[in-house]
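> Quick one: this structure, given as C-alpha cells, is what I'll be asking you about.
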Amino acid sequence: MEFIPTQTFYNRRYQPRPWAPRPTIQVIRPRPRPQRQAGQLAQLISAVNKLTMRAVPQQKPRRNRKNKKQRQKKQAPQNDPKQKKQPPQKKPAQKKKKPGRRERMCMKIENDCIFEVKHEGKVMGYACLVGDKVMKPAHVKGTIDNADLAKLAFKRSSKYDLECAQIPVHMKSDASKFTHEKPEGYYNWHHGAVQYSGGRFTIPTGAGKPGDSGRPIFDNKGRVVAIVLGGANEGARTALSVVTWNKDIVTKITPEGAEEWSLALPVLCLLANTTFPCSQPPCTPCCYEKEPESTLRMLEDNVMRPGYYQLLKASLTCSPHRQRRSTKDNFNVYKATRPYLAHCPDCGEGHSCHSPIALERIRNEATDGTLKIQVSLQIGIKTDDSHDWTKLRYMDSHTPADAERAGLLVRTSAPCTITGTMGHFILARCPKGETLTVGFTDSRKISHTCTHPFHHEPPVIGRERFHSRPQHGKELPCSTYVQSTAATAEEIEVHMPPDTPDRTLMTQQSGNVKITVNGQTVRYKCNCGGSNEGLTTTDKVINNCKIDQCHAAVTNHKNWQYNSPLVPRNAELGDRKGKIHIPFPLANVTCRVPKARNPTVTYGKNQVTMLLYPDHPTLLSYRNMGQEPNYHEEWVTHKKEVTLTVPTEGLEVTWGNNEPYKYWPQMSTNGTAHGHPHEIILYYYELYPTMTVVIVSVASFVLLSMVGTAVGMCVCARRRCITPYELTPGATVPFLLSLLCCVRTTKAATYYEAAAYLWNEQQPLFWLQALIPLAALIVLCNCLKLLPCCCKTLAFLAVMSIGAHTVSAYEHVTVIPNTVGVPYKTLVNRPGYSPMVLEMELQSVTLEPTLSLDYITCEYKTVIPSPYVKCCGTAECKDKSLPDYSCKVFTGVYPFMWGGAYCFCDAENTQLSEAHVEKSESCKTEFASAYRAHTASASAKLRVLYQGNNITVAAYANGDHAVTVKDAKFVVGPMSSAWTPFDNKIVVYKGDVYNMDYPPFGAGRPGQFGDIQSRTPESKDVYANTQLVLQRPAAGTVHVPYSQAPSGFKYWLKERGASLQHTAPFGCQIATNPVRAVNCAVGNIPISIDIPDAAFTRVVDAPSVTDMSCEVPACTHSSDFGGVAIIKYTASKKGKCAVHSMTNAVTIREADVEVEGNSQLQISFSTALASAEFRVQVCSTQVHCAAACHPPKDHIVNYPASHTTLGVQDISTTAMSWVQKITGGVGLIVAVAALILIVVLCVSFSRH
C-alpha cells in the first residue's frame, strides 16, 4: 500500500523504525541538517551528560518485553509472609488495546472518505465516498454529519438497500477508488481483517456490531471492494451482508439470517397518555414482581406496539444490574402466566371432564414427522416460577401444583418419543394412528389423560418409505421443529383468566350462607329477596339465604392464561390481551434418507431389464426424453424384474433416492451389412423390420415377375415352333424339336379343349385359371404405387451424402442442434486463406420464463378466541376486518366449569362465539407460489475451440447479444423453436414446478388450492374462503364448535402428482430460484460468427499437403467415435492443418493436426452409416475415404450419439453388390428368353 502522509497519527509523528538492532549503549548520531545542526548537537551533548552522570542502581530498566519477563522470573521465588496478609488490591483498569496494522491502515483511509450518519445526536451508521458517488445504506436513518453532503438529493435503490448521490466537485479528491477484483484472501476494515472465501465475507464473531452499517472494506491497495450492510451470526464467525461490484455491476451478498447493522431507534410505548422508551418502563409500574396487575394492564395497553416485547422483557426483569444470559431467561416470561383447567372430550373410559392436561392444538406441518402439541399445563416451570427441566406445573383447583416431568406421556397407536418440552408445548415423534393421547401423573400419583381424534401418518421424505434414519444416505431438504427454547417469531395470545366458579366455597349454616375465601379474592352474588353482590378477601356470611340462591367465583388478575376456546374470556376486560413468544419454531433443514440398492441391469435390443431389490417400499419412475415423455411411476414393495423399452431419444429411469439413470440405444444387430444375402436381410430386419419386409417383398415380386416373363417368352417361342405340326394331320414332330420344346411327338389337346374339359368337370380350377391375370394386374399396380416412396428414400440418402456446406467469407453463419454434450464442427473456407475449423459444444441451455407472482398459498390456521359468555344478558357481534371472519351469538346457554355453573342465571345467558382464519406459522417455510409465466428468454453456455484454445462463454440466445471469444464475436440465436415446458400458469413448491390452472386471486374455493391467499409470505393481506361455520355449543360445556373445509393446500400436497422435473418432454431438467428449464433437446440454434482477418492463415504461410490416400482399418457405426481412418500424405513443410469432414453424416473428433514431411495421421470418426463414403479435408486438400462399418456390440449405452442420427439407414455396398448380381442373373435369363423368342418369330415370319 502506498504511504499516505499525515500530520499527526495518535498524537505523534510517524517515524520509520531503524533497520539495525539497537545496541546496548546507544550512541545517537543526528542526521546532518544545515539549518539546525548546532542546536541539535547541543541538545545531544546535554542528554548524554545526564545519562552518564546518573547512578546506575537508580536507572529504571527499559520497558521492553524481555526485561519485563526477566523481572517476573526473579520475583517469583520470593515469599513474603507480610504480603499474604495484605488485602487483595483491585485489578488496575486495562488499557485499551492498541489498534493493529490493519486497523491503523483503515483509519488513515477512513479519515477522509467516510462520514457519520446521525439521528438526534446518535451515530446510526456511515456514508462513504466511493468513486464519484456518496453511498449510504438505505436502512440507516438520519443525516450525514457534513454540511455539504447533508444537502444532497439521494436516489434510493430498494433492491440493493443503498442510497446514492453525486459527490460535490470540491470533495472528489477525498473519495476512495473501488474495484471489482476480489481474489480469495484477507481484506481490511475498521475492526481488523475480513476473510473473503466462497463468494462470502466473514469476520470473527463480535468484531462487528449494530452501528457499523456503511463502513467500507478495503483491499491492500486502499481500494473499496464492498460496503457493509449487516451480518449474520454463524457461531465462531459472522457472515457479512455487503454491497459489492462484479465487473462494474452492483451486486448484493446477503447471507441467511442477516440483520441490518444500523443503530436501532428507541421504540416508544404508552402509559396514561405519556410516552416512554419501551426498554425503560416508568417506575410505577416498573416491575411485575412489585405490581403484577398494573404491569399486565400496561402490557395489554401496548400489545400492538412495535416495542411490546422490549417492554415485556424490561417489566419481567426487575434487577437494574446486567444479568448473565442463560437458557433460564427463555422461561422468565412464564412467571406472568399460569396453567389452567379446560374441557377434554375424552379423559379415559370414554367420558369428558375438565382436565389439567387438556389438548389445545396438534401441529403436524413438519415434513420429518415431528408433532408439536399444545396442552394446558406448563413444563419446565415450577410453582415458584423457577426453571426446572425435570418438573411441570398444572392447575389443581385454583392454585398450580408441581409434578414430575418423567410422568409425562404421549401416544398414538403406540407410545411416542418425546424429543422436547417447554411451557405449553411438547415435541414428539409418533407412529401412525387415529387418536392422540397426552397424560401425566400428578403429585398425588393420580394419572390424568386427554384423548383427541387425530389421523397421523408420518410423511414420506424423498422416494422411499423408510422407518428409521440410516447411517449413510442422501441429504434432502425437509422441515422440522427446531429444539430451541429461545424466543422466536411465533407467538400465542394470553389474557386475564375469567372468574372461576366454586360451589365448595359456600356452606349452609342455619339459614345463612357462609363464604370461605381461603386467602383468595372471591366475587359473590346472592339473590335473597334483594341484590347482594361484591368482592371479598375475608370470610363473609349472607343472612337469610340458601346456597342455591348464591353464586361465588374466585377472581385472579395477577397472571395471564392462554386464550383458549375451551375457557371463557374475562367478562370485565373484553378483548384485552397480551402476547408471548413460543418455542420450537418450524425451520428448513436437511434430512438423511436411504438410497435404494442399485438394480441389476441387463441390456437387450432397444430395452433394459432391471432387477430391483427394495428394502422397503421404493418408488420407480421413468420417462422418455423425446417429445412424448410417457411418464410412469409405481411403488415397488418386493423383488421385481422390470423390462423397459428404450426409444431413440433416450430413457430416464429414477429408482428410489438414487440419481437418475439415463440410457440410449445403439444400432446393434445380429446380422451384418457386409455378408451373404440372408445376413444382410437379417441385419436390416432387426433395425427396420417394416421397411425390410416391404423392400424384400417388392424385390422378390420383381424378380419373380422377370422370371415369369422369361418363362412366358419361352412358352411363346415353343408354341410358335410346334404350331405348324399341330395343324398338319398325322404330322410327327422331329425329335430335336420335341426335345427343345419339351413336347410329345403325337398331337395334344388344345387350350380350348382343356378349358372345355375343366368347365365341364372341374369348374373351381377353371375360375382359378381365370383369376391369375387379374392377380398379376393388382400386384403390378401396387408396385407402381410404391415406386415414388422408394425414389424418395433413395433421394434422401443421396442428399445426406452431399458434402458439408462451406462459406467463403469471414462472416460465418451456422446452425447447431440444441443437444447438450455433442460437439459440432463447422468449416470456414475463405479464398486465399487456409481453411479454419470451429468446434462448438453446448454445455447448457437455459429457458427462463418471465414470472409475475399472483399469490402464495399455504396451510391456514383457524383462530378461535375464548368465547364471551354474557351472564344474564345478551351479547352483540361487532364487525371485524379479518379473513373469513364469522361471529354468532347463541342464546339459552348454561355453561359449567369445573367448580360449578359459570353464570348465576339459568336461561338468560348468551355466548358470543367468533372465529377467523389466518396464515399458519408454517407459511414462512411451507408454501406454494402461484405465478403467471410469460415469454421465456433463452441463454446458452457454449464451449468453443478457436485457434487451439477451449473457451467457455455464456450468451443470451436472442440473436442480438454478442459475446467475444478472443478476437471473434459470436451472436447466438434466436432459437428455431419458441417452445417452453411451462404453461401460462405454474405453481412452485420448494424445488418443484407444476403446470396448473389455479384460481385467480380473490376467487379461491373451500378445500381446494388457493383457499387462503396472500401476496407474499410476509405480507399481512390475506384472502380466505374455508367455509367456516360456527355451531351451537353443547349444553353445559364451554367450547366453540365449528365446521370447516379441510386445508386445500394439504389436499393439494397429497394429490399434486409428479412435477415437471419428471414429466417435462425433451429431457428437460427443471430448476428453481429462478424458475428455469435446463438442457431441453428441442430445435436448433443458429450462430453468427464474425471472425477478424488476423485469425486466418494465408495459403502461402500454411503447409501444402499432397499425395493423400485414406484407409479405414476398423469401423463400428452408431458408436461414439468407433471408426479409425489412416491418412497418408506428403507435406511441403511443418505446420498445423485443420481437419474436417465434408459429409454431414460423418463427425471427426480432431479439429486440427500437425503435419510434417512424408507421414501419416490417424483420425477418429463417428457415423451412423454402414457403408460410409466421405471426403476429409486436410488444409486445402481433400481425400476420399470409404469404410465398411459393422454394427456395435453394445445394445445400450449411457451417453447420446456424437453423430447425426439418420431416420433411415443407408444401403451398404455389399448389399448393392448382391442386388446387382441377382438382378443381372435374372436379367440375363430374360434376355436369353427374349432372344429365343425373337429368333423364333423371325423364322416363323420368314415362312409366311
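Just so you know, glycine gets a Cβ as well, placed from its N, Cα and C.
Swiss-Prot feature annotations, pasted as is:
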- 113-261: domain 'Peptidase S3' (DOMAIN)
- Asn273: N-linked glycosylation site (CARBOHYD)
- Asn588: N-linked glycosylation site (CARBOHYD)
- Asn670: N-linked glycosylation site (CARBOHYD)
- Asn950: N-linked glycosylation site (CARBOHYD)
- Asn1079: N-linked glycosylation site (CARBOHYD)
- 14-104: region 'Disordered' (REGION)
- 36-68: region 'Host transcription inhibition' (REGION)
- 183-193: region 'Dimerization of the capsid protein' (REGION)
- 219-223: region 'Dimerization of the capsid protein' (REGION)
- Tyr187: site 'Involved in dimerization of the capsid protein' (SITE)
- Asn220: site 'Involved in dimerization of the capsid protein' (SITE)
- 693-713: transmembrane segment (TRANSMEM)
- 764-784: transmembrane segment (TRANSMEM)
- 796-816: transmembrane segment (TRANSMEM)
- 1225-1245: transmembrane segment (TRANSMEM)
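Tell me about the setting of these features in this model.
On the 0 to 100 pLDDT scale, the model's mean across the domain 'Peptidase S3' (113-261) is 87.
Long-range Cβ proximity for Asn273 (N-linked glycosylation site), meaning a same-chain Cβ under 8 A and a gap of 6 or more residues, is found for none.
Neighbours of Asn588 (N-linked glycosylation site), defined as other CB atoms within 10 A of its CB across all chains, total 14.
In the three-state DSSP reading, Asn670 (N-linked glycosylation site) counts as coil.
Just so you know, the Cβ of Asn950 (N-linked glycosylation site) picks up 10 other Cβ atoms within 10 Å once every protein chain is counted.
Asn1079 (N-linked glycosylation site) falls within neither a helix nor a strand when secondary structure is assigned with DSSP, and so counts as coil. Non-local neighbourhood of Asn1079 (N-linked glycosylation site): Val820, Ser844, Val845, Gly1067, Cys1068, Gln1069, each in the same chain, at least six residues away, with C-beta under 8 Å from its C-beta.
The DSSP breakdown of the region 'Dimerization of the capsid protein' (183-193) into helical (H, G, I), extended (E, B) and coil residues amounts to 0 helix, 7 strand, 4 coil.
There are 23 other CB atoms within 10 A of the CB of Tyr187 (site 'Involved in dimerization of the capsid protein'), with all protein chains counted.
All protein chains shown were included, and the count of other CB atoms within 10 Å of the CB of Asn220 (site 'Involved in dimerization of the capsid protein') stands at 12.
Tertiary neighbourhood of the transmembrane segment (1225-1245): same-chain residues 703, 706-707, 709-711, 713-714, 716-717, 720-721, selected by CB-CB distance under 8 Å and a gap of 6+ residues from either end.
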> Determine, from DSSP, whether Asn220 (site 'Involved in dimerization of the capsid protein') sits in helix, strand or coil.
coil
> If you measure Tyr187 (site 'Involved in dimerization of the capsid protein') to Asn220 (site 'Involved in dimerization of the capsid protein') at Cα, how many Å is it?
7
> Nearest to Asn220 (site 'Involved in dimerization of the capsid protein') by Cα distance: which of the glycosylation sites Asn588, Asn670, Asn950 is it?
Asn950
> Tell me, how many other CB atoms lie within 10 A of the CB of Asn670 (N-linked glycosylation site), whichever protein chain they belong to?
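Around the Cβ of Asn670 (N-linked glycosylation site), 11 other Cβ atoms lie within 10 Å.
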> Any idea what DSSP makes of Asn273 (N-linked glycosylation site), helix, strand or coil?
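The three-state answer is coil.
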> Given Asn588 (N-linked glycosylation site) and Asn670 (N-linked glycosylation site), what distance in Å do their CA atoms have, once rounded to a whole number?
55
> Rounded to the nearest angstrom, how far is the Cα of Asn670 (N-linked glycosylation site) from the Cα of Asn950 (N-linked glycosylation site)?
40
